[in-house]
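A.B. asks: After the structure tokens below, expect a handful of questions from me.
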Amino acid sequence: MSTLPSTPQSAESAIGTSRVKRGMAEQLKGGVIMDVVNAEQAKIAEDAGAVAVMALERVPADIRKDGGVARMSDPNMIEEIIEAVSIPVMAKSRIGHFVEAQVLQSLGVDYIDESEVLTPADEVNHSDKWAFTTPFVCGATNLGEALRRIAEGAAMIRSKGEAGTGNVVEAVRHLRQIKNEIAKLRGFDNNELYAAAKELRAPYELVKEVAELGKLPVVLFSAGGVATPADAALMRQLGAEGVFVGSGIFKSGDPAKRAAAIVKATTFYDDPKIIADASRNLGEAMVGINCDTLPEAERYANRGW
Amino acid sequence: MTNPLIGVLALQGDVREHLIALAAADAVARPVRRPEELAEVDALVIPGGESTTMSKLAVLFGMLEPLRERVKAGMPVYGTCAGMIMLADKLLDGRDDQETLGGIDMIVRRNAFGRQNESFEAKIDFAGIEGGPVEGVFIRAPWVESVGAAAEVLATYEGHTVAVRQGNVLATSFHPELTGDDRVHAYFVDMVRAGL
């Protein structure tokens with residue numbers, strides 16, 4: 001099938017297979033993945049019950065503030081974070097910057113995020129992710145985008161949202177979009193699936209697989225704009241299998257407390273009483289940005305094609 | 001013959017895959033997150049996930065002691081990967097504050113096969129399971145460093161123990177729930193039936 005990779009195999013055992021890459025993301029389900037910029041924050045995230053951390057130089061809110069070109073992080077910082085925690089460590093490469101991805105793989109990170117939050121390196125192509133043993137997570141705003149990333153070898157998808165805004169509206173839009181498009185495919189017969197594949201600009205085999213499964217063939221998380229426990233629970237109830245939280249934690253008044261509260265609300269996402277308790281006395285939330293006021297050039301979700 | 005009611009600990013991890021595999025093996029399966037839900041089930045599966053996170057959440061959400069009590073009282077339990085770590089009496093390369101439930105007299109080494117880039121799949125001969133080897137998917141997987149006299153080794157890979165049983169408690173380093181091969185789950189469901 002088209003979604004299977006060409007990886008080195010022996011009769012005895014095989015590394016970097018599709019099953020191993022996708023299986024890793026399965027193990028993260030129900031969890032919260034937190035952006036961290038140093039070892040100290042990584043420990044706070046781990047103590048709060050994060051299931052993995054994302055190592056990056058600046059959280060999206062600061063990338064917005066500072067401007068300039070945002071790149072892969074310093075290898076020293078990534079290694080310090082790998083040393084500091086025992087949970088998996090992810091790190092970001094620029095879209096299409098397969099050399100940054102090679103560097104991250106050589107550092108031994110557990111997952112590479114080919115991320116629109118960094119400045120894209122290639123305006124046409126994303127990286128060929130089948131070429132790596134390290135699995136990739138990629139962002140998507142709709143089903144076609146998600147399937148194109150999976151066709152390129154992504155082993156996990158996150159909805160994009162609008163990172164660094166503290167505003168959940170775009171995350172909701174993108175997750176609903178993906179779920180609705182999947183639901184529509186469910187009702188299609190074979191004749192219609194060919195046309196759907198053309199419209200989605202995605203391989204027919206993948207489109208057919210999604211229509212049969214009623215879900216993506218890889219894990220789907222939500223990202224971009226989660227700032228409160230209720231935000232996280234909302235994304236879970238809308239069908240996200242877990243959440244990424246970026247600026248929302250370390251740009252708030254009491255990161256440790258907020259991080260633990262978001263973890264709790266993610267686990268008990270369908271229990272309003274527990275979410276209410278988790279939401280009490282968290283101090284100041286990150287200052288949000290109304291997405292309507294964002295100029296087109298500052299919308300990260302538009303990056304990736 | 002009644003189908004046993006088996007819970008899957010749903011604090012975090014690949015819960016859905018275990019629910020599907022258990023149903024395929026003729027058990028009634030449901031997620032368990034709260035002590036009162038634990039009290040209702042005949043047996044429990046502890047899924048794959050992140051063992052340090054799972055241990056932390058079990059403490060934070062008041063599940064650690066209820067789980068320990070049920071395991072001690074003889075409830076059948078099956079743990080995969082992170083679940084194997086939870087069932088170890090003793091742990092190597094874990095966090096200092098990492099809690100386990102115990103249940104099998106064994107020492108388990110966390111991430112013993114390496115990080116994600118060393119993760120692999122291989123065919124595994126499994127004592128007590130017929131029809132050829134099972135497919136083992138090993139993800140940041142632990143291995144069993146040593147077992148006590150009461151524990152029985154069911155499978156090894158390159159000299160390392162990767163499946164163990166002690167009485168009602170079963171543990172594997174690998175993830176049968178990711179393969180669509182339900183024989184290990186059927187083996188566990190038979191264990192549960194035998195004790196009902």
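Every residue, even glycine, has its Cβ placed from backbone N, Cα and C.
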A.B. asks: What does TrEMBL list, out of A:Gly96, A:Gly153, A:Gly164, as binding the same D-ribose 5-phosphate as A:Asp35, A:Gly225, A:Gly246, A:Ser247?
C.D. replies: A:Gly164
A.B. asks: Provide, as an integer number of angstrom, the distance between the C-alpha atoms of A:Lys92 (active site, schiff-base intermediate with D-ribose 5-phosphate) and A:Asp35 (D-ribose 5-phosphate binding site).
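C.D. replies: A Cα-Cα distance of 10 Å.
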A.B. asks: Here are the binding-site residues: A:Gly164, A:Gly225. Which has the lowest count of other Cβ atoms within 10 Å?
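C.D. replies: Fewest other Cβ atoms within 10 Å, among the binding-site residues A:Gly164, A:Gly225, is found for A:Gly164.
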A.B. asks: Could you check the recorded positions A:Lys92, A:Arg176 and say which one's CB has the fewest neighbouring CB atoms inside 10 Å?
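C.D. replies: Sparsest of the recorded positions A:Lys92, A:Arg176 by Cβ contacts within 10 Å: A:Arg176.
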